[in-house]
Structure formats: C-alpha cells, structure tokens
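Below is one structure; the comments refer to it alone.
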Amino acid sequence: NWKEDETSRRTRLREGVPSAGQRLWKRKEFQKVAFDFAANEMAPHMAEWDQKEIFPVETMRKAAQLGFGGIYVQPDVGGSGLSRLDTSIIFEALSTGCVSTTAYISIHNMCAWMIDSYGNKEQREKFCPDLCSMEKFASYCLTEPGSGSDAASLLTSAQRKGDHYILNGSKAFISGGGDTDVYVVMCRTGGKGPKGISFGKKEKKVGWNSQPTRAVIFEDCAVPVANRLGEEGQGFNIAMKGLNGGRINIASCSLGAAHASVQLARDHLLVRKQFGETLSNNQFLQFKLAEMATKLVASRLLIREAAQALQEDRPDAVAICSMAKLFATDECFNICNQALQMHGGYGYLKDYAVQQFVRDIRVHQILEGTNEVMRMIISRNLLSES
C-alpha cells in the first residue's frame, strides 16, 4: 500500500526514510541491474567457468562495483546497506547467469555480514571495505570431516597463548578454500580438538565448478586474539545466525536456476517439433510447464516472507528460514530436472545450459544444513509451541 497520511509523510521526509513506492522502485532497479549483469557478464561464460573450473575473480569484482560484494553490510564500511529482501531478489537475478558463482558471492556476503555485525570497530574497518569491493575474498569454515549436520560437535580447537590463539583441526568442503583471503572459522576455545594453515586437494565436484572447494587444515596456526569475533562462547550462536541468512541466500540462488530453466523449457517447447507439431501444443507438457511456474512463484513467495521475517528479527524467523530453504531447494531442483526432461536427449548435452542448472543446484539440498535437518528444525519448533 503506497498511501500514507500527511503526518506520516512529513515524519518520513524529515527522517529521510523512503516511501513504500520509492523502496519498490529501488528494488526493481536493483533487480534489473542484477538481471542485466547476469545476462551480459555471467551467462556467456557460465559453461566455460564450469568446464575449465575457473574462479571468475574479475567478474565478481565487477559485481562488487555494483554493490554486490557487501549487499547487506552497513554503508560506513563500504557495504550497500540493503535489506534481506533486496538481497534475495538480487541473488535470484544473478543466479540466472551462473548459479555456482552467485552461490559463492552469497557465501562471501555472509562472511562480510558476520564481521560487520559481530566485529568491533577495528575489525569492521580492517576487513569489511576490502570484502565489499571484493579486493579480498572470504570463506566460511564450519563443516568438518566428522561434523556436518551436527555442527555443535566440531573439534577444531583454539587455545589461547598470550595475544594469539593456536588453531588445530580441519575444515571440509570450504567454498573458495585456498583461493580466498579471509577465513571466518568456527572453533572450540580451550578444548581438545598441524604448522600454520594449509589446504587439501581441490575437490572434483558434480557442480559449483566455478568456485574451488578444498579442506582447510590448521596446524598450530597462530591467529591474533584481536581477530576474534564476539566473546568466547558466542561462536556457535554467531554461526547459526549466519546460517539463517545463508539459507535464504542459497534458496534464492535455487530460484534463479529454476527461473532460467522455466524460460529454457518454454523456449524449447515453442521450437521443438515432434509428430508434426511443436511440443508447445502437447497438453501434458503445457500442464507440466504450468506446474513448474506455479511452484517457482510459491517458492519465491516463501523465500521473500522468510527474508522479511529475518530482517524484522521475528520469533518465527528460524523456522520460516528453514521452511523456505527446504521447500524452495527441493521444488526448484524438481523444476530444473523437469526442464531437462522436456529437452529430451538434448537436455543431457553440455551444449545446453539446463543440465548445468540441474548439476549446480543439487547441492543446495545438502549445504547450509541438509534438508533433513531443516525438517528437524521445523518439527522441533512446532512441537515446542505451547
């Protein structure tokens, strides 16, 4: 509703708050910029980045020039200061050009936000500007070889010695690992958990090939106490708060893949002929396309609601973020998979983008908390209600 009374309007203008109409206009502008960037700077290179496993640093720095390196980081340290809803819209649009690269950008944004939100003045000023410009890249280090879904059982230790912590342990499946500059590491202080920091081999993955994935190994790695975010004992809560946003971000990336796949399927149906007519005249495929579009819009609405809940810090935000991640990543994968099926044998060729969307978003049902864990979180929330 764009209408407001005169008193509210004067208060808003005095405080410099944009109207609902202005916010919507800006949101559409951000979306258009992101769609254009995806179409012109990402989509033409998506297949090459995948096949050659290229980490497109310069393209991401171009995205950062548009404000996409620190979308929801505060402006005083170089961020764009946008909302979670704006962020979801941007990541959906960028993912139509390359899911894998956008997914990394979303992880980078989460790391920058964690430093912005939980770092002190010196930490924010030291790290955030370079992260927002993507002069430096960040990785999020939570998962370990023995603790994936059970994040609380992590073993990487940080023992304090003077003005440093000595880190020992390993992190697994770290996006950007070995090619990034800043590592946001979750570790157990003081507890029992080989010299400095090293990296495992680059993993060979089904998808997400435009971002490297490696183990990050700490061997008596000295880290200044000044680099600690928050107080000792707060790390798990900080990590979980980061993941709530990460779940919305990764679900938004699934939206982009499904959005692009619906368009690819529609275009294919309009030109592909079988039995003397285009596939678009086949009622079964018409109904399938309608179902795909409906599930895409339903997923989008749920993700937008979760983004708003997180922005407002609502009591139900964790459950709704989990619902959005569960529903959207499952349904968007099904949409992409159905789009591939509609392409027939052509969909299985690497010359056709639809197969890459399928490969790239399959992992979204696993990371940022598996969809089985999302079901656990949702059910616990329901059963704990009085």
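The backbone N, Cα and C atoms fix where each Cβ goes, glycine too.
What TrEMBL lists as active site, proton acceptor is GLU368. The domain 'Acyl-CoA dehydrogenase/oxidase N-terminal' annotation in TrEMBL covers 28-135. Taken from TrEMBL, the feature domain 'Acyl-CoA oxidase/dehydrogenase middle' applies to 140-221. Per TrEMBL, the feature domain 'Acyl-CoA dehydrogenase/oxidase C-terminal' maps to 233-383.
With DSSP states grouped into helix (H, G, I), strand (E, B) and coil, the domain 'Acyl-CoA dehydrogenase/oxidase N-terminal' (28-135) comes out at 81 helix, 0 strand, 27 coil. Helix, strand and coil counts under DSSP for the domain 'Acyl-CoA oxidase/dehydrogenase middle' (140-221) come to 3 helix, 40 strand, 39 coil. The number of other Cβ atoms within 10 Å of the Cβ belonging to GLU368 (active site, proton acceptor), over all protein chains shown, comes to 30.
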